[in-house]
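Written out below as structure tokens is the structure these notes cover.
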Amino acid sequence: MALEHVSSQRLHSETKADDSIKVDVADDVDFVAYYERASGRLVVDPEYVAKVEFGEVMASRLKLSPDGLKVLWPQPADDPNDPQNWTDFRKTVHLIIITMSAVVPDFDSGIGTASIFGLAQTYDTTSGVINDLTSNWSIFLLGWGGIFWVMLMRRYGRLPVLFWSQLFAFAFLIGATLAPNLATFAGMRCLTAFFGTCPQVTGLYVVTDIFPFHLQARKLNIWTSGFVLSPYLSPFVFGFLVARVSWRWAYAIGSIYSAVVLFLIVFFMEETMYDRHLALKPPQISTGLRYRFKTLIGVTGYKMAKYRPRWPEVVLASLDVVWRPQFFFVVLFEALVFGFSIGVNGTNVIFMKSPPPVGFGFSQYAVAGAYATPIVAVLLGEFIGRYVNEFIMDLHIRKNGGFFEAESRLWTCYLAMPLYICGFLTLGAGIQNRSEAALIMGWGIAIVAITLNTVVVYAYCNDCFPRRAGEVSALLNLSRALGGFAIAYFQVPWATKSGGLMVFGVEAAQVISLDTLEESDGCYRLVIGMFFIAVPMTQLKGSYFRARYAL
């Protein structure tokens, strides 16, 4: 019973005369503790199941969704300052801002993809050197930066950390725009990535802070679409620009976008962190504009830090999550799935721009136009995922007697993976045979699959660790970055030697022919094995893992 997770010890039994079911009834249930310790198994049905689980008295106190069909988790406090009690409009504004913010890191990184040949010309080097020195290392720092920012957010709140990180990222992006030499440009671009990655780990915090669990997958779908879309948006937009003017104009416009996001954070974003565990909240001494300014720059967060987890716990929190089997296998799977998409984004521009026999010999305009493909694919993936995820969740709750189990999220992976394999095989065949149609179709199908899979993994991991949303987001961000960090180093030479079909076939966990079996056997076993270990095994053993290895 989920009441094993509830701190209250005052239990008694009663027998209902009409059905002779023995029910454990709690005189007082700590719903905050229940939600955090349930670890992915929640009471959703407000009628029979809630009464059996909590007793009729406590069940009657549960706050429900507007339609009265679902129990709200976490339970909103009787406090208008609780973000769970905000109006739909106020929540939507924050979702829009955090999604726009999540675009910034990979959008800025993608400017380098659009400008790679212009950068090589300016700094008198090759596109490969630019790719290795700036693109790959900025991707690497995108991952590690998230771990650092989550530590600060646990102590000082979401808003001040988001504000200061984006302010510094904006400054370093201006530095990259004006960089006089390659060393300065590389340093500025890497620092931009480290500071700019903060919204890609803040978003999961914000979504879980303001939305109840049954809406979180839908909202995560929007937020994740922002950072999945962003690395393709800048090559599409700026590819046409750099064909006519200097690459510095592309970075200048990227700086303007960062300034717009920073403006929205300063004037419209509010602190979403709510210390739900504190029975008595510290009095709010200042109000109005003064209070907002103190919250923005971190004074309020600094004063509240003494009520929050200590530094040793905060520093070790990510390590405390990463080894747990309900998290580890799924994240390793996501690292492989998403990592190859990062590598593809960095290398496709080289395939498209390079002359035969390596590439297609596209003009700069054609390369820019080709990047409309993944943009449309992400939007299509968001649309499909919105309805598929909600359908699966509602169906599972009905079939599971009013309970929600986190592993039900993973059923969407069975839709995503065939699309992923089909997309990568088609993409590889298109590059090997220099077929523009196959390139476009394969790339689009693969990105639809990646969008579907990423939302599911984020939602599942967050359901398993409701107290560790930041660490979950940071570790997923790190896994994505590390998964794609090394791809650009070897993908172009490998494709030149063995052909695109061989390369992308291996990455999609398929062996194309007997001739390639020996060379690709190791990758084949690793990638296809991770899918079957991570998804079916986690679905079968997930409830045991969550009970045995819960935080």
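Sequential numbering from 1, following the chain as shown.
Here the Cβ of each residue, glycine as well, is placed from N, Cα and C on the backbone.
Given the structure is predicted, the values throughout are model-derived calculations rather than measurements.
Taken from TrEMBL, the feature transmembrane segment covers 135-152, 159-179, 185-208, 220-243, 249-269, 327-351, 371-389, 410-431, 437-460, 472-492, 524-540.
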Contact call for the transmembrane segment (437-460) against the transmembrane segment (135-152), three or more Cβ pairs under 8 Å: no
Contact between the transmembrane segment (159-179) and the transmembrane segment (327-351) (at least 3 Cβ pairs under 8 Å, separation 6+): no
Outside the transmembrane segment (135-152), six or more residues from its ends: residues with CB under 8 Å to it: 105-106, 109, 112-113, 116, 161, 165, 186, 189-190, 192-198, 200-202, 314-315, 317-318, 342, 346, 470-471, 473-475, 477-482, 484-486, 488-489
When counting Cβ pairs under 8 Å to the transmembrane segment (327-351), the leader among 185-208, 220-243, 249-269: 220-243
